Amino acid sequence: MLAVRRLTRYTFLKRTHPVLYTRRAYKILPSRSTFLRRSLLQTQLHSKMTAHTNIKQHKHCHEDHPIRRSDSAVSIVHLKRAPFKVTVIGSGNWGTTIAKVIAENTELHSHIFEPEVRMWVFDEKIGDENLTDIINTRHQNVKYLPNIDLPHNLVADPDLLHSIKGADILVFNIPHQFLPNIVKQLQGHVAPHVRAISCLKGFELGSKGVQLLSSYVTDELGIQCGALSGANLAPEVAKEHWSETTVAYQLPKDYQGDGKDVDHKILKLLFHRPYFHVNVIDDVAGISIAGALKNVVALACGFVEGMGWGNNASAAIQRLGLGEIIKFGRMFFPESKVETYYQESAGVADLITTCSGGRNVKVATYMAKTGKSALEAEKELLNGQSAQGIITCREVHEWLQTCELTQEFPLFEAVYQIVYNNVRMEDLPEMIEELDIDDE
């Protein structure tokens, strides 16, 4: 009878407390009085936690994927101004995905943001229809993000200046080589109080040397600009598969105050979704550098994948690449923080994701298998989109050459030589090998 009672008690406890009472844990089962006291404390603790945090399933989540979110962040934002109006500049694969995320949040937090989100579209014909009209009637970007339903409060606009009219927050999400032309058109039409976030990956080379794209926006438009970057393949985010990202933003000197201006809490509400978790930090330089240079490393991973060299070679490329990313940041942007590269989604996590798939790996793999050039591969594979590593490796080479430091970054230089000077991919190991043997 004793054995039966113990088994029954174990079975009951396993069902009610499966984590605490495994068969191994049952060997040190607490007494009945201890168990009751512990259960009472757990119940009281749970009641206190639920009193402070209202957790509910989000309406966009599928029933079989019950991601939950906390509304506690909303309660601490008390707006002392009109709701923020948001415009997304760019409507490609990633631009449309971010616009979807933002539009879901502006509708959800309509006391913080104006629900309608404008998305500037470089208009083009899809058959006999304009892409803008298709987005606004069918609520899908059939060219760059097909089969993904977009919120009805997301409005496509082919007129750049009209799309930003009255906007308080601009989100740049275009191929970075087009940024100078876009900024030139915006000059004189953006008020000083406007804030911006750059989702672009790359650098601007000019009279000021190598420059972060967020800094370029600030200098050219006179507005504060942060950055967003992370381990985010657009199709997965668009399908609401769980992922995380990093937003970096520094409060400007003309910050208007809590509840009157964009800050970390506002940005969290703008970008955070149940399927898209956001961490907001100050290190704009760190996440921008990592976001740009990971695409160069991804090209190298694509080369070795296309040659069939396997996972060991890819891992070696990623190790060397991470080292050169950190070195580049410390050398040219000393304000960047080393911990950003390994603590944030925008760092090593983004590097791993990008080197495992995405446009740059796809293009480089195709180059290795077919012998075609980078631009030919990009044109044939990407449906009008860009592999940013192709341009970034040239920008990095030009800057390092100006500084006479190309030998300090052998992986970046090797990628440039393969892409632009037709150096044999098979020579990659010799080009990046670190020799510690002294000549005698």
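The backbone N, Cα and C atoms fix where each Cβ goes, glycine too.
The model shown is predicted, which means the values in this text are computed figures rather than measured ones.
Copied over from Swiss-Prot, here are the features:
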TRANSIT   1-16  transit peptide
MOD_RES   SER70  phosphoserine
MOD_RES   SER72  phosphoserine
MOD_RES   SER75  phosphoserine
BINDING   GLY90, SER91, GLY92, ASN93, TRP94, GLY95, PHE122, PHE178, ALA234, ARG359, GLN388  NAD(+) binding site
BINDING   LYS201, ARG359, ASN360  substrate binding site
ACT_SITE  LYS294  active site, proton acceptor
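According to DSSP, GLY92 (NAD(+) binding site) sits in a coil region rather than a helix or strand. When the recorded positions LYS201, LYS294, ARG359, ASN360 are ranked by how far their Cα is from the Cα of ALA234 (NAD(+) binding site), ARG359 comes first.
When the binding-site residues GLY92, TRP94, PHE122, GLN388 are compared by Cα distance to ARG359 (substrate binding site), the shortest distance belongs to GLN388.
Ranking the recorded positions GLY90, GLY92, PHE122, LYS294, GLN388 by the distance of their Cα atoms from the Cα of ASN360 (substrate binding site) places GLN388 first. Within the set of binding-site residues (TRP94, PHE122), the lowest number of other Cβ atoms found within 10 Å of a Cβ is recorded at PHE122. Spacing of TRP94 (NAD(+) binding site) relative to LYS294 (active site, proton acceptor) is 16 Å (Cα to Cα, whole number). Under the DSSP three-state reduction, ARG359 (substrate binding site) is assigned to helix. Within 10 Å of its Cβ, the residue among the binding-site residues ASN360, GLN388 with the fewest other Cβ atoms is GLN388. Around the Cβ of GLY90 (NAD(+) binding site), a 10 Å sphere holds 25 further Cβ atoms from the protein chains shown. The record assigns GLY90, SER91, GLY92, ASN93, TRP94, GLY95, PHE122, PHE178, ALA234, ARG359, GLN388 to the NAD(+) site; their largest pairwise CA distance measures 21 Å. Same-chain neighbours of the substrate site beyond LYS201, ARG359, ASN360, judged by a C-beta within 8 angstroms of the site's C-beta center, are, in sequence order, ASN295, ALA298, THR354, GLY358, SER386, ALA387, GLN388, GLY389. According to its DSSP assignment, GLN388 (NAD(+) binding site) is helical. Across LYS201, ARG359, ASN360, which the record gives as binding substrate, the greatest C-alpha separation is 13 Å.
Within 10 Å of the residue listed as 'active site, proton acceptor', as judged by C-alpha distances, no binding-site residues are found among GLY90, GLY92, PHE122.
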